Amino acid sequence: MFRGVGTAIVTPFKNGELDLESYERLVRYQLENGVNALIVLGTTGESPTVNEDEREKLVSRTLEIVDGKIPVIVGAGTNSTEKTLKLVKQAEKLGANGVLVVTPYYNKPTQEGLYQHYKYISERTDLGIVVYNVPGRTGVNVLPETAARIAADLKNVVGIKEANPDIDQIDRTVSLTKQARSDFMVWSGNDDRTFYLLCAGGDGVISVVSNVAPKQMVELCAEYFSGNLEKSREVHRKLRPLMKALFVETNPIPVKAALNLMGFIENELRLPLVPASEKTVELLRNVLKESGLL
């Protein structure tokens, strides 16, 4: 589907409503700086608080702006298989290139339940499906063996966003899924694990940091793929303070504050999320200045 950087883009709000004008500026900023895909309505896009009509508006506008230049992948995960399928079919109807389907959360399915969840959805859509493993939020972990089983059996499941920070799991997930199917893709779901995942044989990152620093995140991956390991490592090291600062509070609270400081969006979230503290805003201001982004 893509190699490199897919930006998990924020959803701007203004006075409680979608701010499509600011959103267009942000999408164009991503395109101008060479990102390889956009992921709409993921965790960073505050998908739990965006209603069905707003989803349609946001996805449609994204597809209009992008105009086929890069893939548009839509977040479509819930903890109900049938509700998830409904969101997948909406994305399919709107013309998305793929869907990001988070593991069912709260109800804590077994590994067999996870497999059957993705099997059920994959049999009912032609879209490429990306498994999203983020156990820190969901309470359930896709084991490498399960990811490999999915890769082997479900041909329109194109890859996994691996947001388990454990480096042993990253290694095993990349190794076992690539053995199961050579074209199965593994993206880091944690910006600070991107360089490591690339070294393990992965394919890039679905990134929060690239909302703010798309050029630098693209460079990190591009240099690695070009064989310039030390240059890629250097870019990673320079980005570390920003990677750390953007997660001092729950994502997407800090990244929205950073984009507000940069003049892209209002610093507005929907409850139960609230804007960043003054301490966090000051930290972000300093890090953005040091990074040459302010």
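Counting begins at 1 with the first residue displayed.
Every residue gets a Cβ built from N, Cα and C, even glycine.
Quick look at what Swiss-Prot annotates:
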- T43: site 'Part of a proton relay during catalysis' (SITE)
- T44, I206: pyruvate binding site (BINDING)
- Y106: site 'Part of a proton relay during catalysis' (SITE)
- Y132: active site, proton donor/acceptor (ACT_SITE)
- K161: active site, schiff-base intermediate with substrate (ACT_SITE)
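All features noted in Swiss-Prot, drawn onto the structure.
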residue	record	DSSP (3 states)
T43	site 'Part of a proton relay during catalysis'	coil
Y106	site 'Part of a proton relay during catalysis'	coil
Y132	active site, proton donor/acceptor	strand
K161	active site, schiff-base intermediate with substrate	strand
I206	pyruvate binding site	strand
Spatial separation of Y132 (active site, proton donor/acceptor) from Y106 (site 'Part of a proton relay during catalysis') - C-alpha basis, Å: 15
Other CB atoms, at most 10 A from the CB of T44 (pyruvate binding site): 22
Among Y106, Y132, the most crowded of the recorded positions [Cβ within 10 Å]: Y132
Cα-to-Cα gap, the residue listed as 'active site, schiff-base intermediate with substrate' vs I206 (pyruvate binding site), nearest whole Å: 7
Distance from the residue listed as 'active site, proton donor/acceptor' back to T43 (site 'Part of a proton relay during catalysis'), taken between C-alpha atoms, in Å: 10
Cα separation, Y132 (active site, proton donor/acceptor) to I206 (pyruvate binding site) (Å, whole number): 10
Largest tally of Cβ atoms lying within 10 Å of a Cβ, found at which of the recorded positions T43, K161, I206: I206
Pairwise CA distance, T44 (pyruvate binding site) versus Y132 (active site, proton donor/acceptor), rounded so that it is a whole Å: 13
